[in-house]
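Colleague: The annotation compositional bias 'Low complexity' is assigned in Swiss-Prot to 381-395. Residues annotated as compositional bias 'Gly residues' in Swiss-Prot: 396-425, 499-536. Residues or ranges marked as compositional bias 'Basic residues' in Swiss-Prot: 430-443. Taken from Swiss-Prot, the feature disulfide bond covers C185-C199. Look at Swiss-Prot and you will find N58, N253 tagged as N-linked glycosylation site. According to Swiss-Prot, the region 'Disordered' annotation covers 376-451, 482-542. According to Swiss-Prot, the feature signal peptide maps to 1-44. What Swiss-Prot records for 45-268 is topological domain 'Extracellular'. Here Swiss-Prot flags 357-568 as topological domain 'Cytoplasmic', drawing on sequence analysis. Residues or ranges marked as transmembrane segment in Swiss-Prot: 269-291, 297-316, 333-356, 569-590.
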Amino acid sequence: MSDSKMDKLARMAPLPRTPLLTIWLAINMALIAQETGHKRIHTVQAATGGGSMLGDVNISAILDSFSVSYDKRVRPNYGGPPVEVGVTMYVLSISSLSEVKMDFTLDFYFRQFWTDPRLAYRKRPGVETLSVGSEFIKNIWVPDTFFVNEKQSYFHIATTSNEFIRVHHSGSITRSIRLTITASCPMNLQYFPMDRQLCHIEIESFGYTMRDIRYKWNEGPNSVGVSSEVSLPQFKVLGHRQRAMEISLTTGNYSRLACEIQFVRSMGYYLIQIYIPSGLIVIISWVSFWLNRNATPARVALGVTTVLTMTTLMSSTNAALPKISYVKSIDVYLGTCFVMVFASLLEYATVGYMAKRIQMRKQRFMAIQKIAEQKKQQLDGANQQQANPNPNANVGGPGGVGVGPGGPGGPGGGVNVGVGMGMGPEHGHGHGHHAHSHGHPHAPKQTVSNRPIGFSNIQQNVGTRGCSIVGPLFQEVRFKVHDPKAHSKGGTLENTVNGGRGGPQSHGPGPGQGGGPPGGGGGGGGGGGPPEGGGDPEAAVPAHLLHPGKVKKDINKLLGITPSDIDKYSRIVFPVCFVCFNLMYWIIYLHVSDVVADDLVLLGEE
C-alpha cells in the first residue's frame, strides 16, 4: 500500500476507544511500511545497473529469451537453404612431423561463423554483441564439425576451457576454440632427405550433407594464418594454401575444406651424420691402392673394415625410416658408396690373383730353362759323338744318323739325329728304309749338317723320358718330363715350350723309340722338305723361345698388364668416378626435388 492510502485509511477510521484497537493499528502500519521499503530497494538496484541490467537493458532477460521455444536439436532454417559455416584457422605451433608414423601435430585456433535467426535480438545502444562463456554452447545448436584425417586431438582446459561464444544482434554466431591435433600426413620419400612434404587438415560435417551445411573459408585467401615463430628441428614451413571441395560418399555429398602446409626438410643433420661420413669411408678405402700389394693383412683388414662400416651406416639410416618398397635418394648415395668400397676390396683380390698367376708362370719358366739347359748339354755330347763315330752308332741312310738307347742321352733315353741333305721325300725314305731294315754296314756316306741346335728348337712333353733331334731344315729337341702340378693346371711343360697343344711339332716319337719312321734313320726321314703343315719351320716354335730377352719382359704381365698397373689405374679411376657421381647426384636430385605447390602462400607474405 502507498502512503496516500495509509492517510486515507487513518482519516476514515474512527478514533480508538480501547487500547486493543490501538495495538492493532500499530501492527498494520508496520507491515505496510516494510512492504514499501522492499519495493524501493528493487527500484534503486534497477536504476544503478545491478544484477543483469545494462542501463535499462536486462542482459539476463535477453539470454533467457533465447531458450523460449528454441530447439537446439534442429539446425537453423530447417527445411530451407543450407547453413553456411565460415571457417578460419591460425596455426600457433607445429610440434612434430614424423616419417615413420606418417603424421604431424599442430596447435591452432579454430573459429567457426554461422547465422542462427532464432538467436537474433533487438539492437540496443552498447549491446550489439554478447560475449558469453562456453557453458552457453550446451543451450544452442552448433555445427557437427570434425577433422577427417585426425588421429588424436584434445581441448585445452587450463585454467578454464579455452573457448568462447559471441552472439551478434543479427543472429550471427562466432565460436573460437583452441585445439591440438595429430593428423595423418602421407609422405613421398622418393627424394629423401631432399624432399618436400605437403601435409593437410581436412574439415567436414560428420552428419549433415550439403543440403544442410556448406563450409567455406570465411575470409577468402586470408582465412589461414601461420605464426612466423613456427619452427621444427628438421623442417622449415615453406607456406600454405587452402582448398574447398565436395566429397561424394555412400551417405551423400559433403562439403569439405582443406588446409595444406608445405614443409621443406633441412639437410644439415643428414649431411653431418650420413653423407660426409659415407664419403670419408669411401676415401679411406682408397688408401689400400698406395699400400704394397704384398701387405696382405693391412689391405684385407682395411677393405673388410670399410665394407662393414658402410653396412652398419646403411642399416642405422634405414632403421629410422618406414619400410618402403621404392628407392630413396639416400639409398642411391649409400648404395653407390657401398659398391665403391666393395670394389676396392675386389681390386686387391684381383691384384693378388694376378700376382699369384705370374709367380706360377715364373716358376714354370725357370723349370723349363733348367731342363732345357740339361738337354742342351746332352745334345752337345751327341754332336761330339757324331763327329767321332763309335761302334754303338747306328748310321742310317741318307735321311739321318741314329743313336741307340745307350747313346749320349744316358740310361733309359736315346738320341736320334736326322740331318736333311736336300733330297726329295722318295729318295730319303728309300735309303732310310734300306739302312734301317738290313743294317747294311756299307751305307752311302752322308754329310751331317753342323747347324747348331738352339734353345728355340726344344719341345718338352710330360710323361716320357726321351729325346730326338729332327731335321732337315732345322733341328728340334723333344723331351718329356712328368709334372703333375703343371698338368693339373690344364697345361704342360711341352705346351709352354711349343706354345700350346695341337701344334705341328707336338707329334713326337712314342715312348721308348730310339729311331724315326722306317723310311728315315733316326726320325729324319723327310729329306729336305718342310715339316708337317708347311710354311716357315720356325713359325711353329713359340716366339718367347726364339727371343729369350722378350720373355723376361712379358712374363711379368697377365693380359698385357701387371698387378702394379692395376693399383696405378685404381688411384685415378676410383676418385674420378666418385667425384663424377657426386656431381651428377647433387645436381639431379636438388633440381628434381625443388618443387613448390601451386597457389602456395609463402610464409611471411601473408
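Each residue, glycine too, has its Cβ placed from N, Cα and C.
What you see is a predicted model, and the numbers here were worked out from it, not measured in a lab.
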Colleague: Per-residue pLDDT averaged over the topological domain 'Extracellular' (45-268) comes to what?
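Modeller: Per the prediction, mean pLDDT sits at 89 for the topological domain 'Extracellular' (45-268).
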Colleague: Which whole-number value in Å describes the distance between the Cα atoms of N58 (N-linked glycosylation site) and N253 (N-linked glycosylation site)?
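Modeller: If we compare the Cα positions of N58 (N-linked glycosylation site) and N253 (N-linked glycosylation site), the gap is 44 Å.
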Colleague: Restricting to the same chain and to residues at least six past its boundaries, which positions have a Cβ under 8 Å from a Cβ of the transmembrane segment (333-356)?
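Modeller: That would be 274-275, 278-279, 281-282, 285-286, 288-289, 293, 296, 299-300, 303-304, 306-307, 310-311, 313-314, 317, 558, 561-563, 566-567, 570, 574, 577-578, 581, 585.
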Colleague: Give the sequence-ordered list of residues that share a chain with N253 (N-linked glycosylation site), lie 6 or more positions from it, and have CB atoms under 8 Å from its CB.
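Modeller: Listed in sequence order: T209, M210, E246, I247.
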Colleague: How about long-range neighbours of the transmembrane segment (297-316): same chain, 6 or more residues beyond its ends, C-beta under 8 Å?
Modeller: 274, 277-278, 281-282, 284-285, 287-288, 291, 334-335, 337-338, 341-342, 344-345, 348
Colleague: Helix, strand or coil for N253 (N-linked glycosylation site)? Use DSSP.
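Modeller: Reduced to three states, the DSSP call for N253 (N-linked glycosylation site) is strand.
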Colleague: Among all the protein chains here, how many other CB atoms are within 10 A of the CB of C199 (disulfide bond)?
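Modeller: A count of 23.
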Colleague: By a simple count of other Cβ atoms within 10 Å, which of N58, C185, the recorded positions in the record, is least packed?
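Modeller: Least crowded of the recorded positions N58, C185, by Cβ count within 10 Å, is N58.
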